[in-house]
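Q: Here it is: the structure, laid out below.
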Amino acid sequence: MASSSGSPYHLLFSLTVLLLLPLSSLSADADPLQDFCVADRNATISVNGFPCKPISQVTSEDFFFSGLMKEGNTSNVFGSTVTLGNVLEFPGVNTLGISMNRVDFAPGGINPPHSHPRATESGVVIQGKLLVGFVTTNNVYYSKVLSAGQMFVIPRGLVHFQRNVGEGKAFTLAAFNSHLPGAVVVPTTLFASTPSIPNEVLTQTFQVKDEVINSIKSKFGA
């Protein structure tokens, strides 16, 4: 008798399983189990995210957000500011696996090297001219200068930046496949953490003297 493992049906089943197994890894956030789950940001219990607001308390306003309309204040050490459109500001995106940010740049401003641990980023330059770059885990650097209307993509978790290389102001809109992508900003993470990373760790890491680290920390108020 022929083994059932060699039948066309068994082969088809095996191929189907192999195709379906990776699907869960393609989403940054878990798939929703209902039409929506407007975040109850005042809830005292949180399990890997915000619980849902009761349907009876949901209104139309929960699904609309005007926070990205206004230009951000770029009067800071980096000459840039990020206006968040994630679940912390826009509760309607809770569990939907999507959010957006606006980034404004003064002339010469930079959105410093950072990463998003929970999301891939795609963005479009709305105004100005930006140098956009990222570095892979193999330490390969990719970059390009983009003008208004051009788009970029940053793979999930990779360190990247944008810098205004035009003559005037610039801003970009960025979308993420997570309602809370997170951001690890390299300079503030290393030099402005609470409590501070010990100087001996940073001096050994960057191969510089103690006074160099102290000088950098002082610029971030540490």
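Keep in mind that glycine also has a Cβ here, set from the backbone N, Cα and C atoms.
Source: prediction; values computed, not measured.
Feature table excerpt (TrEMBL):
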{"type": "SIGNAL", "residues": "1-30", "note": "signal peptide"}
{"type": "DISULFID", "residues": "Cys37-Cys52", "note": "disulfide bond"}
{"type": "DOMAIN", "residues": "66-214", "note": "domain 'Cupin type-1'"}
{"type": "BINDING", "residues": "Asn101, Asn111, His116, Glu121", "note": "oxalate binding site"}
{"type": "BINDING", "residues": "His114, His116, Glu121, His160", "note": "Mn(2+) binding site"}
Q: Once near-sequence residues are set aside, which residues in the chain of Asn101 (oxalate binding site), 6 or more away, have Cβ atoms under 8 Å from its Cβ?
A: Leu68, Val82, Thr83, Leu84, Gly85, Asn86, Leu173, Ala174, Phe176
Q: To the nearest whole angstrom, state the Cα distance for the pair Cys37 (disulfide bond) and His116 (oxalate binding site).
A: 23
Q: Can you tell me how far the Cα of His116 (oxalate binding site) sits from the Cα of His160 (Mn(2+) binding site), in Å?
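A: Roughly 9 Å, rounded to the nearest whole number.
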Q: What's the CA to CA span in angstrom from Glu121 (oxalate binding site) over to His160 (Mn(2+) binding site)?
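A: Cα of Glu121 (oxalate binding site) to Cα of His160 (Mn(2+) binding site) measures 10 Å after rounding.
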Q: If one measures from the C-alpha of His160 (Mn(2+) binding site) to the C-alpha of Cys52 (disulfide bond), what distance in angstrom results, rounded to a whole number?
A: 33
Q: Give the sequence-ordered set of same-chain residues, not counting His114, His116, Glu121, His160, with Cβ within 8 Å of the centre of the Cβ atoms defining the Mn(2+) site.
A: Ser115, Phe134, Ile154, Leu158, Val159, Pro181, Ala183
Q: Counting Cβ atoms within 10 Å of each candidate's own Cβ, which of the binding-site residues His114, His116, His160 comes out highest?
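A: In terms of Cβ crowding, the pick is His116.
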Q: An 8 Å radius from the center of the Asn101, Asn111, His116, Glu121 Cβ atoms defines the neighbourhood of the oxalate site; name the other residues of that chain inside it, in order.
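A: Surrounding the site, in chain order, are Val82, Val103, His114, Gly123, Ile154, His160, Ala174, Phe176, Pro181, Ala183.
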Q: Roughly where does the domain 'Cupin type-1' (66-214) sit in mean pLDDT, to the nearest integer?
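A: The average pLDDT of the model in the domain 'Cupin type-1' (66-214) works out to 97.
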Q: How many Å separate the two farthest-apart Cα atoms among the oxalate-binding residues Asn101, Asn111, His116, Glu121?
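A: Max Cα-Cα spread across the oxalate binders: 14 Å.
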